[in-house]
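**Q** Dumping the structure here so I can ask a few things about it.
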Amino acid sequence: MYQTATIKRSLKCFFFVFVFVYLIILLGPQTRLIFNAIQKETFSNLHLIFFSIIVEALPFVILGVIGSMLLETFVSPDLVRRLLPRTWLLGILVSGLLGILFPFCECGLVPIVRRLMEKGVPAPLATVFLLTVPVINPVVGAATHFAFFNRPDFMYWRLGGAYIIAITVGFIILRTWRGKNPLKQSNYYHSCGCGCEYGYSYKINRPLGNRLVGAFEHAQQEFFSIMQYLIIGAFLASSAQVFLPRLWLTAAGSHPVGSVGVMMGLAFFLSICSGADAFVANTFVNIFTPGSLVAFMVFGPMVDLKNLMMMLSAFKVRFVVRLVFSVTILALTLGVMINKMGVIAR
């Protein structure tokens, strides 16, 4: 039953991705004939921007999925728990760097964090782990460096800003939720964000073959899920730059505060994988302020629409509201500060 459902979902995801790309590639000329009032260069630019985002991001998406699959197979949440220091200060600081060793995928991170809390990991440490793992890891660092190849400041501010925000939120949770249980008291089961319903509920001591099969099924679902969000994000980003009046984009993108809010909202609703969002952000580098692009790449992996739904299913509403509010204010402050200080040249 499970394998049949998994195959059906895989075929469905592949079908929609294939049809979308097929329409973009093959129906472009027919679309231009129908809407002949639109210049030919407009669609050429749309195709160029769209496919440049997809082609540049694809290797990092594949790399991230493979790494996540290997971690699912050989690393258990218990190992992560044992690596965390016992003291509060050191624990919060170290938990923000564990993504370097364990770059788990975003779609299954909430179940991992819930299990860590159930195993006795304090909420502040688990929260920092939840916020930093999607950003501070080798795949995301490499993708950001590649996307902004001649602008390494973007990578430094993304990783450094994410770390500062996460540990700050960790201390806020320590102050407000110390000794409290943020988990919902219910029979928790949440499928991963990729929709495979596999999650991280399997035991690490199961036979290797079973673990590999389960991890592979999860990986293929994660890949198709990421590609759906990436294609939608790439299409919207390219369409915005091609069809929206340049005056509008310039007005929104040049405001030191408004530009940050716009890009954070875009990051929330697009829900793009952290291994690919830098390529979408790079398409706005000549339009939006540097601080807004950093906020886009920091805020999105921490709080986006799909992650919010998963957090609400696992944690108490008050805990989620406090976490999301704190991240939002801090990310907005980071972006505005970068713009006001001019630490990244436009």
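Any Cβ shown, glycine's included, is placed from N, Cα and C.
Those TrEMBL annotations? Automatic predictions, nothing curated.
Straight out of TrEMBL:
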- 14-35: transmembrane segment (TRANSMEM)
- 47-68: transmembrane segment (TRANSMEM)
- 88-113: transmembrane segment (TRANSMEM)
- 125-149: transmembrane segment (TRANSMEM)
- 155-174: transmembrane segment (TRANSMEM)
- 229-249: transmembrane segment (TRANSMEM)
- 255-272: transmembrane segment (TRANSMEM)
- 279-299: transmembrane segment (TRANSMEM)
- 319-338: transmembrane segment (TRANSMEM)
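What's the neighbourhood like for each of these?
**A** The list of residues near the transmembrane segment (47-68) in space but at least 6 beyond its ends in sequence, with Cβ under 8 angstroms from a Cβ of it, reads 24-25, 28, 103-105, 108, 139-140, 142-143, 146-147, 219, 222-223, 226-227, 230-231, 233-235, 237-238, 241-242, 273, 275-276, 279-280, 283.
For the transmembrane segment (125-149), the residues of the chain that approach it from at least six positions outside its boundaries are 56-57, 60, 63-64, 67, 80, 84, 91-92, 95-100, 102-104, 106, 109-110, 113, 116-117, 155, 158-159, 162-163, 165-167, 169-170, 173, 274-276, 278-279, 281-282, 285, 297-298, 301-302, 323, 327, judged by C-beta separation under 8 angstroms.
Sequence-remote contacts of a segment are chain residues at least 6 beyond its ends whose Cβ falls under 8 Å from one of its Cβ atoms, and for the transmembrane segment (255-272) they are 229-230, 232-233, 236, 280-281, 284, 288-289, 291-293, 295-297, 299-300, 303-308, 328, 331-332, 335-336, 339-340.
Nonlocal intrachain contacts for the transmembrane segment (319-338), taken as residues 6+ away from its ends with a CB within less than 8 angstroms of a stretch CB, comprise 123, 127, 131, 157, 161, 164-165, 168-169, 172-173, 176-177, 182, 256-257, 259-261, 263-264, 289-292, 294-295, 298-299, 302-303, 308, 311-312, 344.
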**Q** With a cut-off of 8 Å between Cβ atoms, can you find at least three pairs linking the transmembrane segment (155-174) to the transmembrane segment (229-249)? Only pairs 6 or more residues apart in sequence count.
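**A** No; fewer than 3 Cβ pairs under 8 Å.
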